[in-house]
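Everything below concerns the one structure shown next.
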Amino acid sequence: MALLVHIKTVRDLRGKADRIAKVTFRGLSFYTRVLENCEDEARFDETFRWPVASRVDENEMLEVQVFNYSKVFTNRVIGTFRMVMQKVTEEGQLEVTDTLIDDNNTAIKTSITIDIKYTTMDGTVGVWSDGEFLDIPGDPEGTFQFETDSLLSGHSHGSGSVVSPGRSIHGIPTFRKAGKGVFAAMKLGRNKSSKDDQKKDEPAILDMEDLDRKTMRLDPDSISLASCTAVTTNVSNKRSKPDIKMEPSSGRPVDYQISVTVVEARQLVGLNMDPVVCVEIGDDKKYTSMKESTNCPYYNEYFVFDFHVPPDVMFDKILKLSVIHSKNLLRSGTLVGTFKLDVGTVYSQPEHQFYHKWAMLSDPDDITAGCKGYIKCDVAVVAKGDNIKTPHKANETDDDDLEGNLLLPEGVPSERQWARFYVKIYRAEGLPKMNTNLMANVKKAFIGENRDLVDPYVQVLFAGQRGKTSVQKSSYEPIWNEQIVFTEMFPPLCRRLKVQIRDSDKVNDVAIGTHFIDLRKIANDGDKGFLPTMGPAWVNMYGSTRQYTLMDEHQDLNEGLGEGVSFRARLLISVAVEILDTGSSEIVSSTEVQVEPVSHISESATGKVEEFFLFGSFLEATMIDRKIGDKPISFEVTIGNYGNQIDGVSKTSAAKKKRREGAGESEEDQSELIQQNSSEDESDDDGDLVSVSSTPPMKPVITDRNYFHLPYFEKKPCIYIKSWWQDQRRRLYNSNIMDKIADKLEEGLNDVQEIIKTEKAYPERRLRGVLEELNTGCNRFVSLANKDQNQAGRTRLDRERLKSCMREMESMGQQAKLIRFQVKRNTVRDKLKIVQNFLHRLRFLADEPQHSIPDVFVWMMCNNKRIAYARIPSKDILYSIVDEETGKDCGKVKAVFLRLPGKKGFGPAGWTVQAKMELYLWLGLNKQKKDFLSGLPNGFEEIKAPRTGPYLQFLPPISLVYNMKQVFQLRAHMYQARSLFAADSSGLSDPFARVFFSTHSQVTEVLNETLCPTWDQLLVFDDVELFGEAGELRDDPPIIVVEVYDQDTVGKAEFIGRTFAKPITKMCDEHYGPPRFPPQLEYYQIYRGNSTAGDLLAAFELLQIPYDDEEIRRALIAVHSFAVPQIKIGQGGRADLPPIDGPTDSDRGPILPVPMGIRPVLSRYRIEVLFWGLRDLKRVNLAQVDRPRVDIECAGRGIQSALIQNYKKNPNFSTLVKWFEVDLPENELLHPPLNIRVVDCRAFGRYTLVGSHAVTSLRRFIYSPPDKTQNNWASAARLMNGYMVLTNGGSQSRLSSPHPCILSHPTGDVIVNLDADPSVRKMDTVVKLDATSDAVVKVDVNEDEKEEKKKKKKKKKGEVEEEDETDESMLDWWSKYFASIETMMEILKAQEAALAEADEREDQEIAAEATDMKADDLPVKGSKWKDKSRDKNRKKKSHHAGDGTDKRPSKPKVDELLVYNKELETEFDKFEDWLHTFNLYRGKAGDDDEAALDDDRIVGRFKGSMCMYKLPLSEEITREAGFDPNMGMFQSIPHNDPINVLVRIYVVRATDLHPADINGKADPYIVIKLGKSELKDKENYISKQLNPVFGKAFDIQATFPMESMLTVSVYDWDLVGTDDLIGETKIDLENRYYSKHRATCGIAANYSVHGYNVWRDPMKPSQILSKLCKEGKLDGPHYGPGGRVKVANRIFMGPTEIEDENGLKRQTDEHLALTVLKHWEEIPRVGCKFVPEHVETRPLLHPEKPGIEQGRIEMWVDMFPMDMPAPGPAIDISPRKPKSFELRVIIWNTDDVILEDDAFMTGEKMSDIYVRGWLKGQQEDKQDTDVHYHSLTGEGNFNWRFVFPFDYLMAEEKIVISKKESMFSWDETEYKIPARLTLQVWDADHFSADDFLGAIELDLNRFPRGAKTAKQCSIGMIQNEAELPCISIFKQKRVKGWWPFVARDENDEMELTGKVEAELHLMSAEEAEKSPVGLGRNEPDPLEKPNRPDTSLMWFMNPLRSIRYFIWHNYRWLILKALGLLLLLLLVGLFLYSFPGYLVKKMLGA
C-alpha cells in the first residue's frame, strides 16, 4: 500500500524569493528541493511516496505548506493547502488545483496543483507499478545533481531514491532521502481513532515513535512503562530491540520425575491369562507383579522414574504401557497389547498429569484386531519447581465409564484409527566433510580416485520406532528417493518426528544434522482441518561448525540439542498421512517400519530458484572480550554455505557439473569464492559480482579493563553475498506479519500489566487499545496474505496453512473486537488472560514448519578460528515492498550480542558478552536490491571496490564513510539497584555498575556489603561521537548497556547481571523542560543468563552539544568550495546544556550526585520494628552464634535491636519495639529496600555477619489508619442471603456449618440466624451445603424441600430399602474423615460446575452482544438478557438438584471436619498476621536458574515485623484507651517470654511415597523431631506400602521459643544398613501458636461431650469466647433467652440443648458460643477467620532433590499451653481394623456349558465339568467342586459348598490380605483388593491340562441379581450391567440365582459359555462360628449328593448300558424317525402285497 503525491506547480506567488514546499501526511513530512529566485510560478515537479500500513481513512488529512526559504533565518510560510482524503480513497487517483490559505484561514490568490495516487494491497483502490513516477526526468544514472548550498551531504549514489533537503539545524539543511523513516508513521495496524471513538474513551492506541507528542496527547497514565527494559519503549524505525536474555536455555539438563500408578486393567483379550503390566520410559522398564487367571487384574502399584536430561530429550521420550501374558523367569511371555504416548503430551496437560484415566491397548502386530483391553493409570511428570495438585486419594468410588475417561489429551477423539505415516526422503545438499584429508589421501593412493568424504543415510524416529534409508557412499549431494513408512494410531500421541542425517562409519555412526517436525504444526484438527502433510520442502539443518575434528566438542548440537551454530546441510523431504481402513483384506497388519523406493521429484517442485542478495554493514563492534583483544579480528557472515570461507564448500567429486544458467542448483558451485579479505572484486563471465563475506582484520583497541572495541570510527566495513534459493518468501512474509502483530500485542500486554502492577489509572483503556490494534492487525493479515502470486513450489501444506491461518486470524480479530466492548474496570484481569492466550496462539501460528532460506550466521574470527557467533533468522531480515511483510530487523540497525557456541555458552561463560555489534542487514531478491541501503543512518558516502567497467553503479559498497558526525553528552543517572544476586560468601555483594555507550565506558563507585546499593551518582560521558543524521539519532539513539559487577579484593570483578536502556535524546534546538525532561527514573530488570538478578533504578539522557556561531559562518563559506567541513565544538559549545550541580557532600569527593528533579521527592516516614526473636541460626566459621543482634537499615538510616545475651537459653529479644525516622520517596514504587542483618558479637568487640535479608517491597508494612466512617455492617452485608457463594478452593471455613441469614433489627443490632438445610444442592453456582448437625433449630423449610420429602417417601420399588441411619456407636473418627472427603469432592465438583456455568454465561453474553453491537445501549441489553438466562438456568438447576437428591440414598448425618488438600499455611497466609518470618541468607547464590537452591543458603530466620507510616500521625490513634506508647503500632501483642506447650501431632496417612527399595516399594515409618526431642516409631513400620495409613497420635513437650520448628519425616525401614529418609515436612509451630487465627486447636463444627466428635480443646467454647471478648475489648458475650447471644453489636442464634452419654438433655450455652466462634470474622475490628477442625495435606520433600515432591502426608497438630488445664486423651485415629466375614457359596447346578471333548469311542461331544472359585486370588484360596463326568448336555449337578473367610474394610470396600511377597521376604505385606468373587467353569482332562470354558466375576458390592431360572439367564446380565439393578451382598446377606459364564471367542467377542446356579451367603465371623458348615458336602450341615445320570460311571464298567445311553441319548429322534418310517414302509408293503389279491376278490365279487 502506498500513497504517492506529485507536487507540480505553485502559481501566483508574490515577489521574488527562494521557495520550498513541505508535504505532511500522518505526521511524516517531506521537503521539496529549494527553487532559487523564482517569481510568480514555482515548478517543483517532485514526487513523494508514503508506504502505508493501515488503510487510509477518509477523514485523514494531507497537508502541503509553501515557504519562502531563508538560509539563515527560519522559513516564512506563504500558505497552506489541506485536503481530506475521502475522494482519494474512493477513486485512487486525483489531480487537484486549489488556492492556499494563510494563517488566519483566509484564502489567498496563490494556487497549487498536485497529483495524488493511492493504492491498496488488494487492488481495491488504484493500481500502480513500483517506481511509476519515481524516475526523475533527465537523470539517467539515478543520481541527483546536488544543489550547491547543500552542506554535510551524504553522497548516496545509486540508491535510486529522491534526495531532498531534510530538517534544518540553525538553518543548515542536511540531506535526507524520501522514504526514510517513513515506516515509523506507518507502523503495523496504526489507525487514527475516529471521532466517535474519542467520545467513548480516550485514544487507546500508543504511537511508539514520538514520545513528546504522545505525552501531550494522552493522559500520562497510558504511557508505556518500561516493563522489562526501557528498550521496549520509544522504538523507532531504524533500530531493533536486542534480546536481553543471553544464555541458551534449551540444552541444559533439568531434573524430572515421572510417576506412574497402574491401578488395574479391564477387558483384557485372552482366555484365563496371567497378566503383568510393563511400564517403559525410554530404556527404563519396570514390571508390576503377576496376577493369575484373570482378565481384570487389580494392581494399584506405583512406579517412579528419575531423569536428569534437557527438556527436549525428556519430552521426546516415549512412555509405553504394555500388558504381557504369563511372563516368568524362563520365558518372556506374549504381548497382549500396548499403549504409547510421549512425555511431552503428559507435561502439556493441566497440572502435568493424567489422573485415573483408561489407556486403550492395541496390538502392534495386528492392527486389524481392535481394542485389546484397558489399563487404568495415573501418569504425572514433575519438573523441578512444579507442584502437582493430586486429587484427594480417598475412598475412590470409581466411575467405571471407560470410554468417557480414556487416557487421551483434550480434543483427541476416543476412537483412534490406524494410519500410515509416509516420510519421503529425496536428496540432500551441502553436507560437510566427515573425515580428515589425511584419510582421503590414503584412499586416493590406494584406489586412485578422489572420493567425497561422507557416507550419508537418513534415520527417522517416530513414536519409539526408527526407520533408515540406504547409505549413499561418498557423496556430498546424496540422492535417496526413498520413503519410510510408519504405522501408528491417529492422531498419534507423540508430537515430534525426528529426522537425522547420519554418516555411516565403520566404528560408530555420527549425526550430521537433526531436524524435528512438530506434527501439530503441519496438521489442523479443527472441523475444517487437514491431516499432517508437508513438503516436498527443503529443511535446513544446523549443528556444530563444519570443520571435521575427530572429537567434536559440539556433537550434541548435531543431535538437535541446543541451538545450532552453523549450517550443516539441507534435506528435501515430504510427509503425508493416510488413514487406514482396517476392515479391508489386503492390508498389512504389522506395524513394522517399511522402506520403499519413490519416484524422482522434479526440480521446480520446491519452487523457482531465485538469486538473493544479502548486504550487511558493521557500524560498531564493542565489548569484545579481553581474552581475544590482542589479535586482529574479522567478522564473517554466512547464509547456508555461501560466504563460508574456511569450511563451507566441500567440492563434490562429481565436479563435472557446469555452472548452470539460473545460478546452479546447489550451493557447492562456488569455485569463485574469494580468499579471505581480498577486497578486489573479480568479475564473472556475466559481469555479475562475487561475494565479499568477511570484513578486513583489524586490531581491537582497549575500552576498559574487561572489554575492547574495534576502531571503525567513520569508516564502516560492509559485506555482501549472492546466493541462490528456491523462492518461498511468501511463507516468511506471512509469518512476519503475524510476528509483528504478536510483538505489538505483547508490548501492549506488558504495558497493561505494568499499569496494573504500579496501580496507575485506566488499565482498561490501554487494554481496549491493544485489542483494537489486534483487530486491525488481524484484518490486515487477512487482506495481505490472500494475494499469493507465486504458485510455483506451493505445497499442500502451504495452501491449507494459509486457509487455516486466515480463518484463525479472522476469528481472532472478531473476538478481539467483541472483548474490547467487555473490558471494564473490574474485568481487566480476566480479559488479560484471554488476550494472553491470543498471544500464544499467534506465536504458534507464526512459526513456519517448512523452511526456505537458511538462517544467517555472523562469526567473529581470530587467527582463522571461529570464536563467537550470532544466529539471525533469515525471515527477520527479509525485505518486501509491503512494510508489514518485511522482517523486523530488515534494513535496521540491530544490536547483536555474540556468544560462545554450544556447551561453552552455558553458565558463567555464557553471561559474558563476547562482542556487541551494531549491525545492519538486508536480505532480498537481487532484483529488488535498489533499496538495500535505505535503512542506514544517513550521511555516508559509499566506497566501492576499485575496478572499472560498465557495471560500477550496481556494485555494493565494501565500506561506508560517514562524514556527518554529531557530538553528544550522555548523562547516566545511576540511582540505586535492588535485590541483586549474592556474589560473596557472606551472602552479600560489593556491587558497582559499569555503563557502556558506543565505545565509551564508565563505572560507579563500589558500595561494600549490600544487595541494594544506592549509588546516587551521575556519570557524564563527554564528546560521544555518533555518526548519522541528527534527526535520526534523536528518535533512535543506540542502546546503553549497564553491567553490574561484584568487586573482589583479589582477582577480577565477578559478573552479577546486565540490562539495556535507551536514553532520551535532546537536540540542541529543543527546550530542556517538561514533558520529556528531566527524565524520570525507571526500573530496568537485570538479567544474569536467563534468570533475573535484580532491578536497576536509573535514568539516561543524551544531550546534543551545539556548534558555535563562528563555526557555522565558516562552514557556510566553505560550502562553495565543495570542501566538506568537519564541524568542531567551539568554546561556548557547552553553555547551552542544562547545568550540573557540583558535588554536594564533601565526603564523597568528586562524585556527582543525581540532580534534583530527577531524584525522587522525599518525605518523612517513621519505621517501627518489632523484634521478636532469632531462630535456627547455623554456625559461622565453625563457631556457634552466641550473642546475636539484628541491625535494620533503610535509606542510610537504621536501628539496632537489643543484644540477645545467650542465644541457646533464650533466642528472643528483651526489647520488643524500636523505631527510627527516615526520608523516603513519596512514590511507593521507588522505596528503597530495607536490609535486615544479623551480627554475632564476639569477644574483644569483634562482629561477624551471620546472615542478611533484604525486604524488597515495604508496601505490605505500610500502616493505613482505620476509616471511622465505614459502617460496621459492611462485612455483614456479604452474608445477607443465606447462601454461601463458593469462592476459591475450600477456603470457606464454614463449609459444613449452618447458614447464617441476617435480619435487620430496630436496635441497630444485626441478627445472624441459623437455618439448617438438610438437602445438599449440587450444581448451582450458589451451593447450599448440608448442615450436619441435628441440634439446630429449623427456621423455615422452603417449598422445594417439602416436595422432595414427599418424593423420598414414594421410594421406587426397584430400589433396595436402605438401612436406617447409622448407629451412633458404629461411627468413629474415620467415618468423619471419609464423610468430609466426600463433601470435599462434592464441593470441588460443584465449583467446577459453577466455573463451567460462568464460562457458559460469558459466552452467552458475548453472543448477545454480537447480535447487538451498539455501544451505548449495550450494557442494558446485556444485563436484561443475562437475568433471563440466569432464571432459566436456576430453574433447570433446581430440578436437577431435586432429582439428584431423590435418587441418592440419603447420607447418614455425620459430623465433619475440613480436609485441606494443601498446607494450612497457604490457606491462612503463612500465619503471618502480625509476626513475620524473614529468612537470613549467607553464601554465594547458586548459579542455577531456579531459586529452589536458595534453601542451602538459609542460615537462620528472624522473626519480627515492621510498621511504617508518614509523619505526623493523627492524634486519634494515640489517644485510644490503653494505648501503650512503648509498643507503638504493635498494641495487644503477647509477650515473648519462654512458654511450655504440649504439642500433639496426629499423622493420618501418607500417599504416593517415593519408592526407597529395589522392589519399587518402601517400608515407611514416622519420625518426629522438635528441638532436641525425637520420637521414632520404627517398630511400627508398615511393610511394602507406598500409601501407608499410620493413624497415630504423638505427644511431645516443647518450650517456645527454643523449640519451635517441628519436623515430621517419613523414613524407610531397612533390615540391614541405615534407614533412608523418604521425605520430610517442617512446620513452624510458633507462628501458629501466636496467630490470631487460633491455630492451636481447630474449632469443631459441633460441640459434643462424648462419642467420636468429642470436644478436644481443654477450654469450652464459652470460655474461649469470653476470653476473646476480654482481649479484644468487646462488649459481651450476653446470652439471652430463646437461643440468642450478643457479641459487640451482633446477635447470633443457635440451639441450647446438649445430650450427655446417658442420653439426658440439659441446657448449655456452648452451641451458641461455638456459633459465634465459627463466624468470628464478621465481628467488627477484631474479627478474623479461625482455623476449623481439619486435616492438612503437606508435601514431603527431600533435601537432596529440592523442589520435587516425594509424597504427601495428611496430618494435623494441636497445641495446649502447659499452664492451662490439661487436655483430654488424644483422639483415637488408629486405622480401622478390618471386620472378619465368611462368604459361603453353594454351587447347585450348571447348565448349557459348552462341550469341549469328543467321546473316546463314539466321537460325540461331551464335557467333564467342574467349577472353581476364589475371592482373594487364585494362589490363596481357590476351591474346586468335584467333577461331573461326561455331561452330554452341558448340565452339571454339584451341590457343593465353597467357604471363603476374609477380612473386609467396610469404609473402603476392600478386602485386606497379608502375605509374604516371596519366600525371601522378611515379613508379611498387607494388600487391599476389591471384593470380587470369581467363578470359573472348567473341563477336566486326564492327561493334558484342563480346558478353561468360561468365567464370571461378581463385585460383591454391586452385582446383578441372579435370574430365577436358567432360561432367563443371558449374557445381557453381564454386558448391560450398568442398566440392571445391582445388589450388595453386604446388605442382602443371602442371594440365590442363575448367572452366566462368558469367555471371548476368536474374534474377541463375548460369548455365553454356560450358566451356573449358585447361592451366596455372607456371615460375620461371630455368626459363622455359631453355625459352622463343612466344605464341599462334608459335615457339619452337609449338602445332599447330586442326582447325576448313571453315565457318569466309566463306560467300561457297564458297556451295554452306556452304549444304550449314548445311542438312545444322541440318536433318539433318528431312531424314532427310523421306526416311524419302517412302520410306514411296512404298511405300504403290506398294502402292495395284499392289494392285488383283494382287488381280484372285489372284482370277482368273491
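A Cβ is built for glycine as well, from the same backbone N, Cα and C atoms used for every other residue.
Here TrEMBL flags 679-688 as compositional bias 'Acidic residues'. Residues annotated as compositional bias 'Basic and acidic residues' in TrEMBL: 1411-1430, 1440-1451. Taken from TrEMBL, the feature domain 'C2' covers 1-98, 238-359, 402-533, 952-1077, 1148-1274, 1524-1642, 1763-1914. Under the heading region 'Disordered', TrEMBL lists 650-697, 1341-1366, 1399-1451, 1967-1986. The annotation transmembrane segment is assigned in TrEMBL to 2011-2033.
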Whole-number mean pLDDT, the domain 'C2' (952-1077), equals 85
Within the same chain, the residues 6 or more beyond the ends of the transmembrane segment (2011-2033) and with Cβ under 8 Å of it are none
For this session: Verify whether three or more Cβ pairs under 8 angstroms connect the domain 'C2' (238-359) with the domain 'C2' (952-1077), leaving out any pair fewer than 6 apart in sequence.
Result: yes
The correct DSSP tally for the domain 'C2' (1148-1274) reads 11 helix, 55 strand, 61 coil
Taking DSSP helix as H, G and I and strand as E and B, the domain 'C2' (238-359) has 14 helix, 62 strand, 46 coil
Q) Taking 3+ C-beta pairs under 8 angstroms (sequence gap of 6 or more) as contact, is the domain 'C2' (238-359) in contact with the domain 'C2' (1148-1274)? A) no
Residue counts for the region 'Disordered' (1967-1986) under DSSP, helix then strand then coil, are 4 helix, 1 strand, 15 coil
Secondary structure of the domain 'C2' (1-98) by DSSP, residue by residue, totals 6 helix, 61 strand, 31 coil
DSSP assigns the residues of the domain 'C2' (1524-1642) as 12 helix, 53 strand, 54 coil
Across the domain 'C2' (952-1077), DSSP labelling yields 9 helix, 61 strand, 56 coil
Reduced to three DSSP states, the domain 'C2' (402-533) has 14 helix, 57 strand, 61 coil
